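If you check TrEMBL, you get these features:
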DOMAIN    480-887  domain 'USP'
BINDING   941, 943, 1050, 1102  divalent metal cation binding site
């Protein structure tokens, strides 16, 4: 088992006196000054005879033999050794506070640095990011290279001896004082102290059940992992404890026994305890004087017992010690001061009082850890191995040639001081309005945002000279919010922006209301209504997306993306937006064209579109086309239909033609609208499929011309690129033939107000440069003549129709929308829209008459030049959708919005649940005399369920990273009366039916149980989300004021935009700045003496309580003023801190004794 080479055969026959404990006679010879040259390649036997050590040492597998020894600092005792738990490093610390590390079994020095100037290093512990060093009065963390990460000083009088990591970010430190300190490694602050009895804790170990603390009094205490309270105690030795270790259900300890007047004597009996029965078992007698011991559980639970004189014995804790299992560490007469075992159990390390570290191994190829990460080693010096340089080579950079530095001649890189003096751009002046309204608290100033500049937006400009800075003040707010559902909805988000800025569409969908539960036109109208109300706040579209998911055609067209498709960039966004373009127009046309039946909401005015059988979508986008099929037999078939958009068709290029021919965009557009193509079709005359010439002609011109560009392949992209080059060359020739026009340069935004911008040496783009990568015209002229059919031509800027052209029915179309696909190889890119926002929007929102092109890039909205809207470099920006509108097309449409929601939506309606009639009603609908008026109070509360769980991952440092947030859905909405004789009585208590799968009902917090939302088995008043949404919309439009707790989240999930002046949220009424939010339950207990939410949440109870709290707030703020109310809030927070924000257990009868709403008892 052991290797006995070099061991004295008579060691086992030595007299017992040789193994005495701490004999005073040995002290005089323990600190010799060794010659460092003797410690390089020799070992010393017990008789101090020098014996050379062969370079190739034979190590027997399973037996521990000395592998290497190294002198760290000669004559300085090694007080701590530690095997690194992450890398192949062995650490040591000495009596003078110096630390060194050695790499691998060869013990090559890796790093060496000073940890403390005077104190000795008592404990070393490695972590993932660094190494901890504990001294008497200090804990220091350094990187493995020696850089300080933190330095934590102890309290005065501390005498630290040991530490133990309890988790990745927390450790305990103990020593010869009456406490154990807990330290948070993240904040490097002491979190708490645990009191222990004197003389303190010198050794600490840990298992999955207890903390084990060894005391110098000879006792070992077992303490709780969470509270550190003592659970059990073993009185191991009468004198003192030197070491102990724990493995499995066994605890083994070694120490000193008291011998009366003779002082302490090393006890050769090891105390062994069974942790299952908490009692001692038979002591283990050993043949060495034990100072250190460790369990080395390889094949069995072996114990390694180490004496101070260098003897080591292996034995089983429940067996008998054998003299044959002893080996000796050659310490050259020095005492062993430290000992450690590697995590792989293959290596042992010993540190002696002479400054040497000894490495012993049980395997020829020793590894300190089972899985060690790679250690970063210093790169070797490459000065002597420079490559040969051929300085005659033309491409050889002269900077590679070495050049001697001279002190007399200046170098080319020595720039004069005048050229290298930093001159940073001065910050712009603070807005005077901010300085005027600023309030200072301490050294921080607070002021409302005057909104004179866009917030957190970077200017996006291609031509600085084409844009004036004033246009940046006319940026519309982002119409779509950031907190959308986490996947697949990039395409609808971009397109909803396009439809919102088409005024007839915006007015049409807001006037539309039908009885379908899932109607995109209705949901789009609700969304546009929120956008009209918003003052720059983001608006969510969760209800619109919910309706979108229920339409089978959307899934069939591939418009609903999987998470993986969007994350990996597999989605073809250019093709997807064009499919969405076709789908949404057809869907809106169908939904607004359908004849409406009996209204689901009494009094809701029927859409004029449905009653007349005509769709405004058809009038706006529709174009009546005549499709003709001519068979080669001579039979012609003509059919008429309505199309809402046109797709671009590009000419086929012959393979022999290397050059792509030049085409005008108007020519390609005409051929795409009046399409001619040959295809196989069924002929009734021939009674079989025949080659057929199909021709399409239009009978009228649409008001809005929608074009899908269909640039979906490299072939089409090459065609588009070639046409842009032709257009650019034509513009260059035209500009060269005309006399140059002087252009007054405009100062750029980087110039300061006090400085004049120098334009010397700068060149500005010419007019022809604006035409680079531009093929589509900003305006088109279209006309249908009786002789030539459709005529399409480009219209230059400023050109108008003649009287004869107007008489012939010609129309001018202006470009108002371009949607582009910004390509990216890894992510798939994203979609951006260029929209020309018209005068009606600016007049409605800002009160100015203005037209401006804007770039909509997700949440970034920037004004751009009109040329940028038609700029398409297909290498990275591919056109997808174009919108042209007739000039002045608004005149023929009624742009007034008539709210189709009236008071009848609040009247009684039938429940979807079949069993609802069998249960008692939980609400009383409003009577006609109780209809709410402006400024009336309404208590509101909502409960939610989870449709998709949150997806998150834990990082290596223990923090959580959210990959995909949870998706919530409203399950119950309750509104209670806020005034009148029935104050507190609910008039809405709707459970919302859902067709989507619920993964968590959150019953503890919502009160919703499985089955409550199922129409087949529910006993609740079950309705659709749209029905309840209309009730809340009517209350908002009426101007009622909602009172509740946490209404911001409720309205966000319900997908409602409520003006701030109509919301009284008790979360913020009883809140102090920079303090925590207070729960409704605690507020009810503190102010109203009510015990609510004891078992589960109930929305009726919560809404009533919020109303009472608002009444209490009004009373406190009215009677005492703001100063008195601030004192009440301070007392509230002080009480909360004392109670730990927990409501004490109160008898429910006492808590609900006050009848606040007597009329409620009738329910």
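A Cβ is built for glycine as well, from the same backbone N, Cα and C atoms used for every other residue.
Features per TrEMBL, on structure.
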| residue | record | CB count, 10 Å |
| --- | --- | --- |
| 941 | divalent metal cation binding site | 28 |
| 943 | divalent metal cation binding site | 25 |
| 1050 | divalent metal cation binding site | 22 |
| 1102 | divalent metal cation binding site | 26 |
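The divalent metal cation site, placed at the center of the C-beta atoms of 941, 943, 1050, 1102, has further neighbours from the same chain whose C-beta lies within 8 angstroms: 940, 942, 972, 973, 974, 1044, 1045, 1046, 1097, 1099, 1103. In the predicted model, the domain 'USP' (480-887) shows an average pLDDT of 78.
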